[in-house]
């Protein structure tokens, strides 16, 4: 555990974890066992050096700029997926260990078939751009870059043209495993649904739409650890092979050796998930225990060391934390305590990790664990494995299991719909470590007094998250759109200016996406939930363009919204009414002008009269927070800006949110001169087709000593304040993704 904590501290560059590592070292030192101390130091230093070397390897292989060229890549058939016309692949470079995540857009149905139909490995000759993977640009957002680093992928390849596709001529054991995996995917796809999805998820680690709902409900109920601690299919597989060998009078010693060599190959076939890696390593140790002579806890420690040697970021994600932490708990607790207490301890130990990654927990999670863990492990897993093995011979078994799975999913969904979600928020790392240490202390020797300490710690942390002393004005990096959070101290009032959205262009049926990614869920809503916020007092919609109101239904489904304010005249538009009905909105909808006030913290300056919700009718808001004055102008054009100046000639502002993403249609020179802001915020998407912000507009800002801050460059931009003072904070430093920026911002 010392080595794992030290390696994770180095990988995450976190001082708190270094303190924990120091504490663990002190505990080992106090044992006064020289051999244990020396072994711990050697292992910890060795793993720390491996982690440092891995970080260096990642830095050396990550590109700094875009590289255009022609590339020869190997594509394995099980690593090809498509969503509409977009095809996603893993590109392997022959003769090296390098691989990239890759993407190509098919232009015709025939081209889509050409890219996806192969059942064997192929060699592609392509032209395109290799570029770094963009990191998370909002606080608490899923970090795609780190996700791929764990898979030893440092860059992405955007393919522009596929020149040739030829079969791969040389095979090795790794290639054969990928071919087997592709055939298993095709075999499972012949099964009825959702059985097909369960077989792919549980046996070969392939997540599909069939199990997407299952995973969401498992997260909602706080039983996501079902997929992290089981490794049940590995146990069943080994048991089935050994039973068959016994039936055929084969030498079990020889069978064990064959399994020792086969299980590493199953890591590739099974998708290489964290729980699978742990389960395979543990099974290898069990099979070889007569030679190695190690107990279960030593086996767990060895599996952790091997896992972290391969992936030093192992304990930085929820799956890695749960699979090793909960398997450790299963080893140390008394196996005869009963299922009820076992589920209680698993739920209690997993709670800090779940709150750190999911931010909420259902009050029924313990009861769901008590019912579902035995049912899942004893019934679902074995039935899925048996149906997969016997489907060709006895399809009736698969059909029966499919009905059981339908019932299981329906039951889980029904339980998940019961009200009772506790929006805890994301605890700071200090608090999570405190929860973890207190829980282990409680597990060591349970008592009511220790339970009181743990409960008080959770209550204090909950209070700190839900009643923060500081307020914030946050410009979310929502892409080519706007989404601005205004939150006052103690969460007295939470307001949102625009929701962001994505323009949808008409496409033929074959090219339409079947799986839609919601930017609001990934960015704004995820951030709100991490702050423990589930209620928005007012959503201000500046005008009716999709990039400002497109994600409104998502907010209405995920959050409680009391009021929505729109420019007068827009409240009667059919498009808005449709979005409200899609989100089942039951609050108050108000059309406003500059004569109205919705919240005391924000003043409405525009529109002056009823309009149609166009750019020129944009709502303009202003407010003072932490000694800074802000103005939010929507997509108001230059004529509208001059009209605002005429109505409010004494208007002076410290922070200007530039209109229309920094285009030439807004930011009139007279407007800039009169307001005299110190900072200009630009919210625009990377690589947007409109080339926002306009170079001339950025130069106009610089000439007036107005500092431009763009979400393209800095990601999420926050102004945290308390009283009459505040501090600016950005998610990115500004130099990480310079290759994505327009020339005016990169200079």
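Numbering starts at 1 and runs along the chain as it is shown here.
Just so you know, glycine gets a Cβ as well, placed from its N, Cα and C.
Those TrEMBL annotations? Automatic predictions, nothing curated.
Checking TrEMBL for transmembrane segment across the ranges 428-444, 479-495, 496-512 points to 428-444. Taking TrEMBL as the reference, the stretch among 370-391, 392-413, 524-545 described by the feature transmembrane segment is residues 370-391. TrEMBL lists transmembrane segment at one of the ranges 325-344, 345-364, 565-584, namely 345-364. Feature transmembrane segment, per TrEMBL, maps to range 223-248 of the set 223-248, 587-612, 613-638. In this chain, the transmembrane segment (428-444) touches the transmembrane segment (345-364); three or more CB pairs sit within less than 8 A of each other, excluding pairs fewer than 6 residues apart. Per-residue confidence over the domain 'Metallo-beta-lactamase' (480-686) averages 92 (mean pLDDT, predicted model).
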